[in-house]
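Working notes, beginning with the structure itself.
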Amino acid sequence: MGFYALLLIALGMSMDAFAVALAKGAAVRMPPRKIAATALVFGTVEALTPLAGWVGGFYAKPFISEWDHWVAFVLLGGLGLKMMREGLSGEAEDVRESKRESLWMTVLTAFGTSIDSMIVGVGLAFMEVNIAFAAAIIGMATTVMVAVGLTAGRALGVLFGRCAEFAGGLVLIAIGTWTLLSHLGLIQ
């Protein structure tokens, strides 16, 4: 898998966290230091969860290698549809919090937005990809997107939160479809 495909996956995976960051930014005014710390927590968690998913997928691979492209397609496509539905309906993660959110609550919120990345990690186990590089790209993209989301949230949270979720879902469906079609020899 090439760099640009990984970058698209990373941006797609960061959309959940971006949507939450927009909402947090709209609800709580944070100093730059707190924005940086929160973004790093989200990025770290988002980088670790695809590694965990990849390990599970890697060990399951010998048992389902004949269907691996279908597994990636179904996981990424299903996750993409879920994100699009949430983007349209507004069922995104709950962002209730106190003004002095603890590190523990930040980690839990980050984990809640990164469950999808674990599923992507399972799908990546069935593709030719350097998982450490992929996890690093996902983590960096999430760190940047959360920092941007928290900063811009006060003005843009209500307007773009749902659109970001929907766009992330579209990206995942496109990557899953590309994986399936390329494995079937329909595209290169």
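Cβ coordinates come from backbone N, Cα and C, glycine included.
Annotation comment: Swiss-Prot describes 3-23, 35-55, 63-83, 104-126, 140-160, 167-187 as transmembrane segment, evidence class sequence analysis.
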- Item | Beyond the flanks of the transmembrane segment (167-187) by 6 or more, those residues with Cβ under 8 Å of it | 5, 8-9, 11-16, 18, 68-70, 72-77, 79-87, 120, 123, 127
- Task: Mind checking which residues of the chain, 6+ beyond the ends of the transmembrane segment (35-55), have their Cβ under 8 Å from one of its Cβ atoms?
- Result: 13-14, 17, 21, 24, 103, 106-107, 109-111, 113-115, 117-125, 131-132, 134-136, 138-144, 146-147, 150-151
